[in-house]
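Trainee: I have a structure here, written as structure tokens, and I will follow up with some questions on it.
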Amino acid sequence: MSEAEARPTNFIRQIIDEDLATGKHTTVHTRFPPEPNGYLHIGHAKSICLNFGIAQDYQGQCNLRFDDTNPVKEDIEYVESIKNDVQWLGFHWSGDVCYSSDYFDQLHQYAVELINKGLAYVDELSPDEIREYRGTLKAPGKNSPYRDRSVEENLALFEKMRSGGFEEGKACLRAKIDMASPFIVMRDPVLYRIKFAEHHQTGNKWCIYPMYDFTHCISDALEGITHSLCTLEFQDNRRLYDWVLDNISIPVHPRQYEFSRLNLEYTVMSKRKLNQLVTEKHVEGWDDPRMPTISGLRRRGYTAESIREFCKRIGVTKQDNTIEMASLESCIREDLNENAPRAMAVIDPVKLVIENYPQGESEMVAMPNHPNKPEMGSREVPFSAEIWIDRADFREEANKQYKRLVLGKEVRLRNAYVIKAERVEKDAEGNITTIFCTYDADTLSKDPADGRKVKGVIHWVSAAHALPVEIRLYDRLFSVPNPGAEEDFLAVINPDSLVIKQGYAEPSLAQAEAGKAYQFEREGYFCLDSRYANASSLVFNRTVGLRDTWAKVGE
């Protein structure tokens with residue numbers, strides 16, 4: 001990550017500054033602890049930038065730790081994708097990758113310690129009964145009939161759980177805290193449950209697996225984490241985090257701090273809902289360019305720099321809010337406007353024939369790769385008598401506000417000649433199939449000699465040299481700003497979230513690299529789809545338009 005990216009300020013950094021100033025800590029050690037049960041999304045990017053960014057700015061350490069305590073939902077595929085996403089965003093973890101499963105032996109020992117202290121018991125209520133006994137926000141819970149078992153009985157039963165003597169759902173280990181607590185998380189939470197499933201790291205060694213709240217705090221302590229940063233939904237869980245560490249013989253007690261999660265308009269962040277979109281094939285996969293996943297954004301053409309800039313702009317607070325899509329798009333638009341080379345592509349093509357241009361001949365026209373960056377060089381683009389232009393760039397009749405090609409009037413072809421539309425040819429349905437023009441041979445990249453003004457400029461591609469391309473125009477995945485609030489979020493999927501066009505591009509794009517962004521002049525920013533980089537027909541994804549369209553969406 002570039003050192004030029006300014007160091008942000010927020011309440012968490014203020015806490016760290018104070019901890020260092022008072023000597024509470026002499027170094028900073030954070031962690032990013034995803035569960036490997038899905039692909040990371042833009043919300044995780046905020047946490048990645050926060051945790052790794054803090055470690056980097058304070059010359060500390062940040063661990064990448066996989067919270068792999070549920071083998072049923074986890075997979076090595078997700079482990080690898082998460083590692084790739086973190087590195088792609090420009091960050092590097094300290095030391096080896098950590099896994100909560102690395103600590104399964106120690107976690108088991110601490111569970112036994114709680115049993116010996118009379119602070120944990122084996123419960124044989126069913127999962128439904130446990131929920132019923134837990135009570136509600138308005139009604140206290142009630143004690144399990146198994147709550148007062150002796151230490152010796154609990155130790156024996158816990159060992160029976162570990163050795164496979166119970167079926168799944170028939171027993172669990174619970175903390176013994178307070179069933180009347182105003183905080184439901186403290187009403188004898190489950191610490192261990194039974195799952196007969198092979199684990200991607202430990203195989204079949206275990207059939208009991210610790211719960212997140214028990215694992216998380218102990219893993220932090222074992223790794224020497226100084227500042228454990230979580231999103232606000234874990235605010236009440238901090239009480240359990242502290243209770244566990246206060247009641248086991250572990251010398252280190254990290255502190256948990258909460259910040260607001262990232263909510264983005266016109267999408268969903270729930271892993272369950274994202275998984276449903278994938279498994280029911282509403283999208284192409286986890287890396288579908290309409291998905292809010294980091295892999296989806298990357299495939300769409302977002303850069304790591306733009307995502308880091310977005311996370312910096314939205315900041316870190318305790319106030320939950322929903323970020324407008326325009327905020328994310330402005331970051332990538334600014335990045336690509338500055339750095340993307342230009343190219344020409346026609347998305348909705350119509351043939352244009354220049355009747356007085358030498359037929360069968362062609363010439364090379366010089367074009368800058370960036371209008372404001374001569375250091376990016378130039379390229380040669382072929383020009384001939386037959387070209388493709390965009391259908392929207394021609395009208396038979398138009399008012400003065402229309403600055404493109406009109407029958408009987410002139411327009412300039414980008415970096416080429418001034419042409420005049422003379423007549424059109426139509427099919428049986430009245431659709432224009434060919435526009436016939438003449439050109440001024442003395443206007444190659446210069447104004448007409450007689451001083452007449454030609455205001456409009458349109459882009460083009462030589463028909464004889466054109467590269468056939470598939471162009472995918474992506475829009476928001478949902479038609480309402482907050483689809484997650486809908487009774488059926490699938491009912492508000494935007495039917496026009498993907499429009500596929502068959503167009504033509506200048507031949508230089510045959511050498512385009514997968515994922516590299518280009519500004520298709522007058523159209524928007526596009527990148528070669530990495531999934532189809534080796535296909536016979538190249539596929540370009542629209543990353544973002546040239547202008548903010550979200551203001552209009554909201555009107």
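For all residues, glycine too, the Cβ spot is worked out from N, Cα and C.
Checked Swiss-Prot, it gives:
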- 35-37, 41-47, THR231, 261-262, 269-271: ATP binding site (BINDING)
- ASP67, TYR212: L-glutamine binding site (BINDING)
- 317-324: region 'Interaction with tRNA' (REGION)
- 34-44: motif ''HIGH' region' (MOTIF)
- 268-272: motif ''KMSKS' region' (MOTIF)
Trainee: About how far apart, in whole Å, are the alpha carbons (Cα) of THR231 (ATP binding site) and ASP67 (L-glutamine binding site)?
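Mentor: Computed Cα spacing between THR231 (ATP binding site) and ASP67 (L-glutamine binding site) is 15 Å.
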Trainee: Have a look at the binding-site residues GLU35, LYS46, LEU262, SER270 and say which one has the shortest Cα distance to ASP67 (L-glutamine binding site).
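Mentor: Its closest listed neighbour, by Cα, is GLU35.
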Trainee: Quiz question: given the binding-site residues GLU35, ASP67, which has the greatest number of C-beta atoms lying within 10 angstroms of its own C-beta?
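Mentor: Per the Cβ count within 10 Å, the most buried is ASP67.
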Trainee: Enumerate same-chain residues with a sequence separation of six or more from HIS44 (ATP binding site) and a Cβ-Cβ distance below 8 A; give 'none' if the list is empty.
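Mentor: Listed in sequence order, they are PRO34, ASP85, ILE294.
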Trainee: List the residues of the same chain that sit at least 6 positions away from SER270 (ATP binding site) in sequence and have their Cβ under 8 Å from its Cβ, in sequence order, or write 'none'.
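Mentor: Non-local contacts for SER270 (ATP binding site): GLY484.
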Trainee: Counting across all protein chains present, how many other Cβ atoms fall within 10 Å of the Cβ of LYS46 (ATP binding site)?
Mentor: 23
Trainee: In sequence order, which residues at least six apart in the same chain have a CB under 8 Å from the CB of TYR212 (L-glutamine binding site)?
Mentor: GLU35, ASP67, THR69
Trainee: Let's check the environment of THR231 (ATP binding site): how many other CB atoms sit within 10 Å of its CB?
Mentor: 15
Trainee: Test of understanding: give the count of other CB atoms lying within 10 angstroms of the CB of LEU262 (ATP binding site).
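Mentor: Total other Cβ atoms inside 10 Å, all chains included: 23.
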Trainee: Let me know how many other Cβ atoms fall within 10 Å of the Cβ of ILE42 (ATP binding site).
Mentor: 22
Trainee: Using Cβ atoms only, which residues of the same chain lie under 8 Å from ASN37 (ATP binding site) while being at least 6 residues apart in sequence?
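Mentor: Long-range Cβ contacts: ASN70, LYS73, GLU74, ASP75, TYR78, LYS271.
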